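Peer 1: Pulled the feature table from TrEMBL, pasting it below:
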{"type": "DOMAIN", "residues": "1-294", "note": "domain 'PDEase'"}
{"type": "ACT_SITE", "residues": "H48", "note": "active site, proton donor"}
{"type": "BINDING", "residues": "H52, H88, D89, D198", "note": "Zn(2+) 1 binding site"}
{"type": "BINDING", "residues": "D89", "note": "Zn(2+) 2 binding site"}
{"type": "REGION", "residues": "295-314", "note": "region 'Disordered'"}
{"type": "COMPBIAS", "residues": "298-307", "note": "compositional bias 'Polar residues'"}
Amino acid sequence: HIITSLVDLTLHLFIDYGLIKLFRLDLLKLRQFLVMVHEAYRRQNPYHNALHAADVTQAMYCYMQEPQLSESLTSCDILLGLLAAATHDLDHPGVNQTFLIKTNHYLASLYQNASVLENHHWKCAVSLLRESGLLSHFPSEDRQNLEERLGSLILATDISRQNEYLSQFRAHLDRADLHLNNSQNRHFILQMALKCADICNPCRPWHISKLWSHKVTDEFFSQGDSEKRQNLDVSILCDRNANTVAKIQIGFISFVVEPLFLEWARFSDTPLSQIMLGHMTSNKYKWTHLPQEDLRESTQSTSSKTLPQGGLGP
């Protein structure tokens, strides 16, 4: 399931949107590229793996199908949106930027401690695009422009810049000046859609959302255990003795997810947006009020569970 989901889903969406014919893509090169993308995700990561990438790609598709976007996005926008979703966490090491910086990791030095992971994901995506030759028939200027815009989308997923993007989004909505016939505005909305797709798990039905929550917490706690072994200060959220899944999720929903999705619902006031807000509110209530035994996973390790995909759209 995990081995083929990202490849098959993304290939299906390329075909469904007619992107292969429109951009004269070689089908074998496209499949080779997607297989390389899949293999560049680390299977040992409980959360940041190819299944998460497939899940984000499915969510991105749902957002691009929302009326305002589906009526205005160009084929190039759609191509970029799908590529960014599929590659947005390429070669994620399963630890956060703080860990890379304090362990003097070469990536932290390479990217000067700024959006370290996101820059790495972007450069990995560009490397695989070039290695596969998928866009080799594009004029060099067009290819370079696409690579830069791809980077702009992936860099928008840096959670440390959340307030910056959210403030900009809120200001646009307050001024009612997000006109999607403008290419810069469309690109900004693609950035916001990818941000939503990346962190929308609390907006899914409880049985799916809870599984994802345990997987991401497994990854946090694994980093904390590694920090303890190296006698480093344990990063926030990563100490299994000081945190619970419920505590982490309540804070995440309250301070990150809810502010973003309330603004997204202002922009795209559709049944899907209202369904997502309903799930988010219900999930936050459950994390806050359900007895601990109802919040725990079964004795089976979450890393061995098969997670259901999707849940955002038809």
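Using the three backbone atoms N, Cα and C, a Cβ is placed for every residue, glycine included.
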Peer 1: I need the neighbours of the Zn(2+) 1 site defined by H52, H88, D89, D198. Which other residues of that chain put their C-beta within 8 angstroms of the C-beta centroid, in sequence order?
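Peer 2: Going along the sequence, the neighbours appear as H48, A53, V56, A85, H92, H121, T157.
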Peer 1: Least buried of the binding-site residues H52, H88, going by other Cβ atoms within 10 Å?
Peer 2: H52
Peer 1: Just to verify: the residue among D89, D198 with the fewest other Cβ atoms within 10 Å, which of the binding-site residues is it?
Peer 2: D198
Peer 1: Rounded to the nearest Å, what's the C-alpha distance separating H88 (Zn(2+) 1 binding site) and the residue listed as 'active site, proton donor'? Just drop the number here, would you?
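Peer 2: Distance (Cα to Cα, whole Å): 10 Å.
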Peer 1: Looking only at Cβ atoms, how many others are within 10 Å of the one on the residue listed as 'active site, proton donor'?
Peer 2: 24
Peer 1: What Cα-Cα separation, expressed in whole Å, is found between H48 (active site, proton donor) and D198 (Zn(2+) 1 binding site)?
Peer 2: 11
